[in-house]
Amino acid sequence: MDDLANDSAVRPLLSEARLIYAITVPLSTAIILANLVIILGISCNRQLYNTPNYFFLSLLVADLCTGVALPFIPWMGLNRPLSFSSCLLVHIFPNFLFLAFLFNLVIVHYERYMCIMSPLHYSSFWVHRHFPLVLLAVWAPPLLYASLPAFGWNNRAGPGWNGCCSFNDTGALRAPVNCSTGVAAAPGGSECCSYRRVFPNAFIYLEVYGLLAPSILSIAGMTGRVLWITRGQMKDICRLHRSVATRGGGQASEREQRLNLRYTRCVAAVSLTFLACWVPYIIYIHVCVAFLLSKETRGNSTTHIVLSCTGIGSMAVMPLVLGLANRQYTDPVRKLLHKLRDRWRRRQDSEDMAL
């Protein structure tokens, strides 16, 4: 009977592990490789050694770390028996990387926003004059905030959680619902590792509505403002071009139509990027908050795994969209690929001539 109980407990855990790795490993590999390509492109081009690209390089490093930690993030929502120090580590470190990524993303958008808003005073902007302190500011506060549970702001002394990695007298897992471990371990030296024990409700609410929501709204606001300014500048250009080309006529020229089409494509690309990168994460956050408000300790682990993987993974794609859209970042890798292709073609031609 004990063997049957152990087998019934391990099977759901193995299926959860397969689902997590099936989603996160390909996504994490793609994020890591794409970030390495862009980092290599910036490092190989000395013309890109300036403050804006230093900020973007810091964002890429944070995104790279997020890609490395991505396979471990879904496990944060699943209960498992671990020592409390290990439980703190597996929750604090991914949270720090994610917050650092978000802070870097905000400062990159802010720097580019100020470049468009004040182009004449761009070089004397305080972010450029004190960029080492700005880089410190986007890495140190996330580390300090994420480490607060290690300094005592946790829920370890709170009441036990019903059905959370409970064990029977033989040491086998009694309730596998929302509880994950690769092996049915004995409870000696281990506690129920749950995000509820590490992060109090006040900590979660402060992070979601005090850090995450304002950051996302600020990014959306700056992006919308830039598009609005771009629209006004494009109207001025079209008006000047119409007055010169058509002598005050009312018909739009072909160049004006191309400008309008380009702006429409830009708006569509920005809108689709925002929907694809931010909406899954916003849905994931609201589902997590709703689960927290429900006061339940058990939940659908499959839903959590899919939402966490798609939410965090889609948001981690944002810097890659910004980087791969810039040809300066990808030129070194493109030239290297062209050289390898030409060398391979020459080798094939020489072999054909020898035959």
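Counting starts with 1 at the first residue shown.
Cβ atoms are placed via backbone N, Cα and C, with glycine included.
What TrEMBL lists as transmembrane segment is 20-42, 54-76, 88-110, 131-153, 208-229, 267-293, 305-325. Sequence annotations record features per position, and here TrEMBL assigns domain 'G-protein coupled receptors family 1 profile' to 34-322.
Per-stretch counts of Cβ pairs under 8 Å to the transmembrane segment (54-76) identify 20-42 as the leading one among 20-42, 88-110, 131-153, 208-229.
Spatially, the transmembrane segment (88-110) is not adjacent to the transmembrane segment (267-293); fewer than three Cβ-Cβ distances between them are under 8 Å for residues at least 6 apart in sequence. On the 0 to 100 pLDDT scale, the domain 'G-protein coupled receptors family 1 profile' (34-322) averages 78 in the predicted structure.
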